[in-house]
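Annotated features, as they stand in TrEMBL:
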REGION    183-203  region 'Disordered'
DOMAIN    228-532  domain 'UvrD-like helicase ATP-binding'
BINDING   Gly249, Pro250, Ala251, Gly252, Thr253, Gly254, Lys255, Thr256  ATP binding site
REGION    632-654  region 'Disordered'
COMPBIAS  638-650  compositional bias 'Low complexity'
Amino acid sequence: MGAGGAASQRTQEARRQERLLREQWQAARRQALRWDTVGEGEQRVLAQLLVLTARGWRLLVDRRWSRTRTADAHMLLVGPGGVFVVDVTAGREPAEGHAPGLLAATKAAESAVASLGMSPVAVQPVRVFAGQRFDASLGRIRLLGEHEIGPVLLSQRHRLRAESVRAIADHLERVFPGYAGSAIDQQPVPAPEPHRPGSPDGLFDLEGLRDAALEGARRAPIEQWMTFLHPDQVALVRRNWSGPARISGPAGTGKTVVALHRAAHLARRTTGRILYVTFANNLPRVQSTFLKAMAPAVADRVDFRSLHSWAQEFLQDRGVPVRLHGDKAETAFSLAWKNVGRASRLAALDPAPTYWHEEIDYVIKGRGLTRFEEYAAVPRRRRRASLHRTHRRSVWELYEAYEALRGERGVHDFNDVLSLALAEASRRREGPPYAAVIVDEVQDLTLVGVRLLHALVGDVPNGLLLVGDGQQTVYPGGFRLTDAGIDIRGDRGQVLRTNYRNSKQILDAALTVVADDAFEDLDGLRTSGRRDVDLTYHDGDVVRVTRPTAEAHDRDLLDALRSLPEGARADTALLCPSMRAVGHYQRLLTQAGIPVCQLEHYDGRAVDAVKLGTYRRAKGLEFKNVFLPRHDTVSGHGTPAGTPAGTETSETARERAELLRSRLFVAMTRARDLLWLGSVTTR
Ligand SMILES: Nc1ncnc2c1ncn2[C@@H]1O[C@H](COP(=O)(O)OP(=O)(O)OP(=O)(O)O)[C@@H](O)[C@H]1O
């Protein structure tokens, strides 16, 4: 269809909508007149809401808020846009919030729908001001004028299907029965009278309603998980925790989903800001996109940040000078290795300077150690090389040489940024005013990083929530939460066990890779690599392709990508173990005319391009189709990533292979329905 044809069809649809609305409005006006206990303004508001009932909404007026005495609101509205607890007033917009009755009614409604698995993000309090025009928010309450209420509700993104609207409204009707003899009973809007030109519509804005109805229909419905969760997950979202809490669980068990709903829930319950932090740079963009879709009203009070970018900004705001310079710091380490490390006993344990650089990054600086005696005694979690005191002395000398050379150059490394921020946060406890801090993928952080985030909120109730899974550690080293002074007790430590993402075939393939890698989680518990997980049934495929040459392998990969159904690229990722491999596949796909979107630039919105990035960059994400070319070799090391534990000889090589298997496991568990595993074997 040409653009002109589409435009004229839109105009026709708009006219039809307007005619229909006018008829529905007049019928609703007559029905609202029966609500004779209120003034004319309130009747007009009611009439507008009755119009919605002709468009798939259910209106429950004059409820008995049986569960709580303080609850008080005029009506409940349930429709495609969610559940709205509505209060109508003839007054003006209040300067300060004094709506405890409305908030208590909202809480009661949230509790009532929680048993159906509905998240509190889908329940919203609204106060409508008869005879007024405005659109504002006061805390979590949306304040709307008589003109705005209809259009705002109609243009909400659709989150409930017709059958859910029915089921939820029926349930709410049972939980909060109407007073006998309510002035307005739920009944269909009566048949309309023909429109008489020039008849007054009062403040009713037909055009606004018409546009909103069209807008609501045009915008795609939001994902199911943005409204409905398992009732156990909803309970976690709404829980009151007396101090820091932790949610753990294997890959794909809904940890991030719960964390996002909780962020929205906390943002509504407080007037402060919520900080939602991850280690990776790309995840905050994606998570922010999701939150904006599921809880737009509070999205601007949740700061999605990567830890280092947040810490740098925090230091800048506090006037603390930082000179982060990764390359110069790297050069300082190379020199230190040349001057001090290479000839030391460390080279005999592992001649690759990387291992010792990691020792400094993750064990010494990552844990904030400043004295040799501390380092000499520290348990080096997840580090395989057994270091005697003399070895540790050599590492410490290397560390001191590095620090001296770094200092000479006047630069900081990434660990320094976090240590400076921790010192600053501990020194001055004023601001930033976070009501809560949520840390996703907490296992990726260093001990100093976790201490820093803890310092922002301390142990206040509902202040700190740590979300993560030790099995998905993709960086060396590790720590226990108790090392950070965080005490998670009783019901403040929760484990999710149902995998909602991966098909059984995919999860089995992924678990095989790490089956022999028992790991220690952040709570210090040793856990087997092959964990028990409940699966939600859905079908999926693992496709294994083995070819004798890299060229034949890549040809098969391109064929498989080309044969994806129309539109599937938007939900497809190609993941690689190294940046070098990413470069190779970027060129290959581009030459083949397959559009590519680097994971660095992906923000969670659908784009018709294959997402391309490293295994590490894919942390926390998921895709319908995941392609892992040459998944069983890792360029640069020549170390097989898919081989079982124990086949490597040196301790450091075993540790490296284990970490590579963890990364591969993370990459494999990103796949929902299709996992393509490519290999090249010359035999
Ligand atoms: N109650 C639920 N019903 C249906 N799907 C759900 C439910 N909870 C979560 N999901 C879906 O499960 C998938 C995994 O969720 P999520 O990304 O939150 O898991 P995760 O535990 O954070 O995973 P990972 O640790 O692997 O990053 C998502 O597609 C999410 O929409």
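Cβ coordinates are placed from backbone N, Cα and C, and glycine is handled just like the others.
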For ATP, what surrounds Gly249, Pro250, Ala251, Gly252, Thr253, Gly254, Lys255, Thr256 with a Cβ no more than 8 Å from their Cβ centroid? Asp469, Leu496, Asn499, Tyr500, Arg501
What is the pLDDT of the domain 'UvrD-like helicase ATP-binding' (228-532) when averaged and given as a whole number? 93
Cβ density check for Thr253 (ATP binding site), other Cβ within 10 Å (all protein chains) comes to 22
As a test of the contact definition, list every same-chain residue at least 6 positions from Pro250 (ATP binding site) whose Cβ is closer than 8 Å to its Cβ. Asp469, Gln471, Arg497, Asn499, Arg531, Val533
According to DSSP, Thr253 (ATP binding site) sits in coil
